[in-house]
Amino acid sequence: MTSFTVIGHTACTDASFPLDDLPGKGGRMDLLCRAVASSLFLSHGIREDTTCDIMLLGQPHPGRIIRFDGSALRSLSPDERNIASSIKRALAIPAGKTFREAGPGLLTRKGTLADQLSEKHYAVLDESGVDIRKVATEELPDAFLLSDNRNFSDDEMELIRDIPKYSLGPAIVHADHAIVLILNEIDRRRSGWI
């Protein structure tokens, strides 16, 4: 199972955010929706071996995590509006420290980056990291951490200081594009192309 966690530094944590203003009042929720779509959707299906957790750190209740689990998802389309509607549904239910189901394959809880990092062996995508193509397949982690359009904060940098860092190439790309590149690399290796 491949997992992605994407931090949304300003993503709204109130279910009343408007679907017609995801970048503004949604707190760049559009970026998180694209990351979810890139993580889970194939041309004619869903990656059942992938999860995407989005960490919503915006107001009014920072520290909400929403998980999209490809093995159980139903009725999700790859467009931003549909994914944002699922996020709203997850935000509408009370959340505690353990995941609670908001729908098939849609889970939510309260949590921090430290909580996330304690659950899996992560790698961070960083342009100054080791070229991912130089990393042996068996050394690739099962989980990848990405940030939205903002750099990791100083506190986040301290938490990820000792985590392996990988680069996807010489150009800096958007988080959703980075997810596609990682999955393509994994697909190529699993299929014996590399």
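Every residue, even glycine, has its Cβ placed from backbone N, Cα and C.
Owing to the predicted nature of the structure, the values given are computational and were not obtained by experimental measurement.
In this view, Leu125 (S-adenosyl-L-methionine binding site) is surrounded by 22 other Cβ atoms within 10 Å of its Cβ, with every protein chain counted. The secondary structure of Leu125 (S-adenosyl-L-methionine binding site), as reduced to three states from DSSP, is extended strand. Residues or ranges marked as S-adenosyl-L-methionine binding site in Swiss-Prot (evidence: sequence analysis): Leu125.
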